[in-house]
Amino acid sequence: MTQPDPATPRPRGLPAAGPRRIAVLGAGSWGTTFAKILADSAREAAHDRHEPPGRTVVLWGRSAAAMGHAARTRVNDRYVPGIRLPGRLEITADLPAAVRGADLVVLAVPAQSLRAQLAAAAGHLEPDAVVLSLAKGLERDTGLRMSEVVAEELGRATGLGAEHWRARTCVLSGPNLAMEIAEEQPTASVVAAPTTELASWVAHACRTRYFRPYTNTDVVGTEIGGVVKNVIALGVGIADGRHFGENSKASIITRGLAETTRLALALGGRLETLSGLAGLGDLVATCSSPLSRNRTAGRLLGLGLTPEEVQEEMTQTAEGIKSAPAVLALARRHGVDMPITDAVVAILREEITIDDVAQLLLGREIKSEGTAP
């Protein structure tokens, strides 16, 4: 992984000192936390790193009542309770006002609602804006990664074409459990972009004393790591719900990394990405932490709840439930064997019972470990 350079690079058409205005769309736990990161970074840049002041960060959410309350109290009680939001962070429910003039637009909405959100925002976007996706999922109907959805939808809605937006779209992934980061517990992450210069430009905007961004140019591998780990975390959660031990869960995590890697490589991703923060790092955090929504959803499945009951129980989106069938379909189109993903999807479709899973996986033909199927 490439670390951000000491000096902020300047991609063509972008402010040399970094973004002047950043809009974060989506005020859930991760969107709110990332807006805090950006506002803290802007403050640190001006005070600690002696960079030019004046960067504006705006957080947008759908609910006027919730955003008004958060703006007054400086707390988003529903998603990051007890966390004081920076005074310099603007909070609004006015989408055109939030997006207008932003040279960096951060997308922190669930994967399955991303396209509709892009369509609503497209008419207000600056044509040279950079887009940063935080969502970790595949679009259910198309199987597209989030960067592909951004390029396709904005290309159509703005008339500038998909290639224009593909060149300006980045993704961020890594071990990003929102509540830990909101509490300013130190962590690292990865910004992936088509060029090193663009990735570094974005990374400098979200660099704080508690959040360390690295960079790479492997958008595909970075996204696939973030997508598939949600499905593997469901499997680990199921094992936890069935009271399986640490050996079982470690086996799922390790073999889950192998099938994640196979899919990423088949799509053009790079091996080193999957052994880094966006692959192994994200997988370990999501599969191990009780804060993980996907692990929690899997545990509820393991305790005997139906998929419908799990979704009713969850207060926030567990992307793995919605993305798992799309991940499996993508793997099959590319001839990639993903037995853990296959088993999780079969459980979600209620084609097999939880008790069938162990024998289904352990009864497979003996093969070399490696990354072979």
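Using N, Cα and C of the backbone, Cβ positions are placed for all residues, glycine too.
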Identity of the substrate-site residue among LYS36, LYS136 (reference: ARG293, ASN294, source: TrEMBL): LYS136
Listed co-binder of NAD(+) (same site as GLY26, ALA27, GLY28, SER29, TRP30, GLY31, ARG293, source TrEMBL) among ALA151, ALA157, ALA167, ALA178: ALA178
For the domain 'Glycerol-3-phosphate dehydrogenase NAD-dependent N-terminal' (22-197), the mean pLDDT of the predicted model: 96
From GLY28, ALA178, ASP282, SER292, ARG293, ASN294: binding-site residues whose CA lies within 10 A of LYS136 (NADPH binding site): none
Which of ALA27, ALA178, the listed binding-site residues, has fewest other Cβ atoms within 10 Å: ALA178
Output field, substrate shell: CB within 8 Å of site CB centroid, site LYS136, ARG293, ASN294 dropped: LYS229, ASN230, ALA233, THR286, SER292, ALA297, THR317, ALA318, GLU319, GLY320
